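Visitor: Dumping the structure here so I can ask a few things about it.
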Amino acid sequence: MTNYAIILAAGKGTRMTSDLPKVLHKVSGLTMLEHVFRSVKAINPEKAVTVIGHKSEMVRAVLADQSAFVHQTEQLGTGHAVMMAETQLEGLEGHTLVIAGDTPLITGESLKSLIDFHVNHKNVATILTATAPDPFGYGRIVRNKDGEVIKIVEQKDANEYEQQLKEINTGTYVFDNKRLFEALKCITTNNAQGEYYLTDVVAIFRANKEKVGAYILRDFNESLGVNDRVALATAETVMRQRITQKHMVNGVTFHNPETVYIESDVTIAPDVLIEGNVTLKGRTHIGSGTVLTNGTYIVDSEIGDNCVVTNSMIESSVLAAGVTVGPYAHLRPGTTLDREVHIGNFVEVKGSHIGEKTKAGHLTYIGNAQVGSSVNVGAGTITVNYDGQNKYETVVGDHAFIGSNSTLIAPLEIGDNALTAAGSTISKTVPADSIVIGRSRQVTKEGYAKRLAHHPSRSK
C-alpha cells in the first residue's frame with residue numbers, strides 16, 4: 001500500500017491578526033505545521049507535498065527537505081489548493097491524505113486508523129469526521145438511510161435540516177490518488193463563496209456510484225482547526241494536558257499539573273517530582289529522581305539524575321547527577337556542572353565548566369571560567385571576564401579556596417590548593433598551594449571619628 005500526503009499551508013490566517021503565517025504559530029513549542037507533519041509521518045507517506053502561498057519561504061524553511069512544495073498564488077479554496085499538487089502526484093497509484101496545516105491536535109494514531117478504514121472498506125474517498133457539540137461553522141456530513149455519505153454541505157450552503165446535523169467534516173480526507181485528480185477537473189465555483197470546494201468531489205464520486213465513507217474521530221478535540229488566537233489558546237490547553245498526562249503515565253509526579261508548561265520535545269525520566277509553575281522548553285531532558293520546585297524555568301538543557309533545582313533559571317546547560325541549584329540562581333548558555341556541584345542563591349554562571357563537588361553558595365558571578373573539583377567559591381566572588389571588547393577566561397584549580405568578595409580579573413589562573421584572602425582583587429597567576437592577599441592593609445585611627453560631621457558629639 002503506497003500512501004501520499006498533501007498538507008494545505010498556503011493561507012495567511014487573517015483572523016490571527018499577525019504578520020506570521022497562520023501555520024507557523026506555535027503550540028507547545030512547535031509550529032502547528034510541525035505538529036501536523038509529525039502526525040502525517042505516522043502513515044509513512046512515499047511523498048509529502050506541502051501547498052504554500054503566503055510568506056512561502058518562511059513556511060518552506062520549517063519543513064525544508066522533508067517535503068516537496070507547490071505554490072498556490074491565489075487562494076481560491078481547498079479544491080484549488082489540492083489542484084496545485086497535481087504536478088507532483090497525478091497518475092500515481094495509491095492513497096492520498098489531504099490535511100490542513102492548522103490542525104495541530106490531530107494524532108498519528110488517528111491518521112493511521114483513517115487510512116486503514118479507507119483501505120479495508122475499499123473506498124474511493126474517506127472523510128475524517130467528528131461529532132461536534134456545536135456544529136455551527138462546520139461543513140455537515142449528510143448520509144442516506146443506510147448510513148452512506150451522500151455529500152458534505154458547507155455552513156453557508158446548508159438548509160435548515162442540514163444545519164441541525166452534528167456530524168461535521170474535519171477537513172481531513174483520504175482519496176484514491178488517481179480518482180482525486182480526475183474528479184478535481186470537474187468541480188466548479190458555483191457556491192456561496194465562489195471557490196473550488198474540495199468537498200465537491202464527494203458528490204462527483206457519488207454520481208458515479210463510487211464508494212465514499214466516513215471515519216468518526218473518538219476525540220472531538222483532534223478536529224480543532226486554529227483560525228484565531230482563541231482557538232490557539234484552546235489548542236495549547238489541550239496539548240498541555242496531553243503532555244502532562246503522558247509524563248504522569250510514565251512515572252512523573254506533578255503537584256499542580258494545570259500550572260506547568262512543558263513543550264513537546266521535553267523528555268522526563270521516571271520518579272521526577274515537579275512542583276507548580278515550572279516551565280520546561282525546547283530539547284530539555286530531566287533525569288530520574290530530580291526535583292524541580294515552584295517557579296523553575298529550564299530551556300534546552302540536560303539535567304542529570306537526583307538533582308534539585310529550586311526556583312531557578314537554566315538555559316542551554318548540562319548538569320550531572322546530584323547537582324543542586326538555587327534558589328534564585330541563573331545558569332546561562334554554555335554552563336556545565338559536574339557531579340554534586342552546588343550553585344546557591346543569587347549565583348549566575350555563564351559559559352563555564354565547574355568540577356565535581358565545587359560549591360558557590362551565594363551572590364557570585366562565574367563567567368567564562370574553568371573551575372576544578374572541590375573548590376569553595378566564597379560569597380560575593382566575581383570573575384571579571386569582559387574588557388568592553390573581548391571575553392577572557394579564568395582557570396581555578398582543584399581544591400582551591402576563593403575567599404568571600406574576591407574579584408578575579410581575567411585572563412587569570414589560580415593553581416590547585418591555592419587560597420585567596422577575602423576581599424582580594426587578583427589579576428596575576430596564583431601558583432598551586434599559595435595564599436594570595438590582594439587588598440590594602442587595614443589602618444585604624446582611634447578617636448578620629450569624633451572629628452567627622454556624622455558623629456553624635458558634633459551635633460551638640
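First residue shown is number 1, and so on along the chain.
Cβ from N, Cα, C; glycine included.
Per Swiss-Prot, the features are:
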type     : residues                                                              : note
ACT_SITE : H362                                                                  : active site, proton acceptor
BINDING  : 8-11, K22, Q72, 77-78, G139, E154, N169, N227, R332, K350, Y365, N376 : UDP-N-acetyl-alpha-D-glucosamine binding site
BINDING  : D102, N227                                                            : Mg(2+) binding site
BINDING  : A379, N385, Y386, S404, A422, R439                                    : acetyl-CoA binding site
REGION   : 1-229                                                                 : region 'Pyrophosphorylase'
REGION   : 230-250                                                               : region 'Linker'
REGION   : 251-460                                                               : region 'N-acetyltransferase'
Visitor: In the three-state scheme derived from DSSP, which category covers K22 (UDP-N-acetyl-alpha-D-glucosamine binding site)?
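Guide: SS state of K22 (UDP-N-acetyl-alpha-D-glucosamine binding site) = helix.
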Visitor: Just how many other Cβ atoms lie inside 10 Å of the Cβ on R332 (UDP-N-acetyl-alpha-D-glucosamine binding site)?
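Guide: Step by step: centre on the Cβ of R332 (UDP-N-acetyl-alpha-D-glucosamine binding site), count other Cβ atoms within 10 Å, giving 16.
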Visitor: In angstrom units, rounded to an integer, how far apart are the Cα atoms of D102 (Mg(2+) binding site) and H362 (active site, proton acceptor)?
Guide: 48
Visitor: Rounded to an integer, what is the Cα-Cα distance in Å between N385 (acetyl-CoA binding site) and L8 (UDP-N-acetyl-alpha-D-glucosamine binding site)?
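Guide: L8 (UDP-N-acetyl-alpha-D-glucosamine binding site) has its Cα 51 Å from the Cα of N385 (acetyl-CoA binding site).
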Visitor: Among L8, A379, A422, all listed as binding-site residues, which has the most CB atoms within 10 Å of its CB?
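Guide: When each Cβ's neighbours within 10 Å are tallied, L8 tops the list.
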Visitor: Rank the binding-site residues N169, N227 by how many other Cβ atoms lie within 10 Å of each Cβ and give me the one with the fewest.
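Guide: It is N227 that, of the binding-site residues N169, N227, has the fewest other Cβ atoms within 10 Å.
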Visitor: Sort the binding-site residues K22, N169, N227 by C-alpha distance from R439 (acetyl-CoA binding site) and give me just the closest.
Guide: K22
Visitor: May I ask you to report the DSSP-based helix, strand or coil state of A422 (acetyl-CoA binding site)?
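Guide: Going by the DSSP assignment, A422 (acetyl-CoA binding site) belongs to neither helix nor strand, so it counts as coil.
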Visitor: Taking DSSP states H, G and I as helix and E and B as strand, how many residues of the region 'Linker' (230-250) are helix, strand and coil?
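Guide: Counting residues by DSSP class gives 20 helix, 0 strand, 1 coil.
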Visitor: Please report the Cα separation of N169 (UDP-N-acetyl-alpha-D-glucosamine binding site) and S404 (acetyl-CoA binding site) in Å, rounded to an integer.
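Guide: Roughly 68 Å, rounded to the nearest whole number.
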Visitor: Going along the chain, which residues six or more apart from the residue listed as 'active site, proton acceptor' have their CB under 8 A from its CB?
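Guide: Long-range Cβ contacts: G344, N345, F346, V347, A379, G380.
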Visitor: Taking every protein chain in this structure into account, which of the binding-site residues N385, S404 has the most other Cβ atoms within 10 Å of its Cβ?
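Guide: Counting every other Cβ within 10 Å of each candidate, the maximum falls on N385.
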Visitor: At the level of the C-alpha atoms, what whole-angstrom distance separates S404 (acetyl-CoA binding site) and R332 (UDP-N-acetyl-alpha-D-glucosamine binding site)?
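Guide: S404 (acetyl-CoA binding site) and R332 (UDP-N-acetyl-alpha-D-glucosamine binding site) have their Cα atoms 22 Å apart.
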Visitor: Run through A10, K22, G77, R332, A422 for me and report the binding-site residues whose CA is within 10 Å of the CA of N227 (Mg(2+) binding site), in sequence order.
Guide: K22
Visitor: For the binding-site residues Y365, Y386, work out the Cβ neighbour count at 10 Å and name the residue with the minimum.
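Guide: Selected from the binding-site residues Y365, Y386 on minimum Cβ neighbours within 10 Å: Y386.
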Visitor: Show which residues of the chain containing G139 (UDP-N-acetyl-alpha-D-glucosamine binding site), separated from it by at least 6 in sequence, have their CB under 8 Å from its CB.
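Guide: Correct list: I152, V153, E154, Q155, I168, N169, G171, T199.
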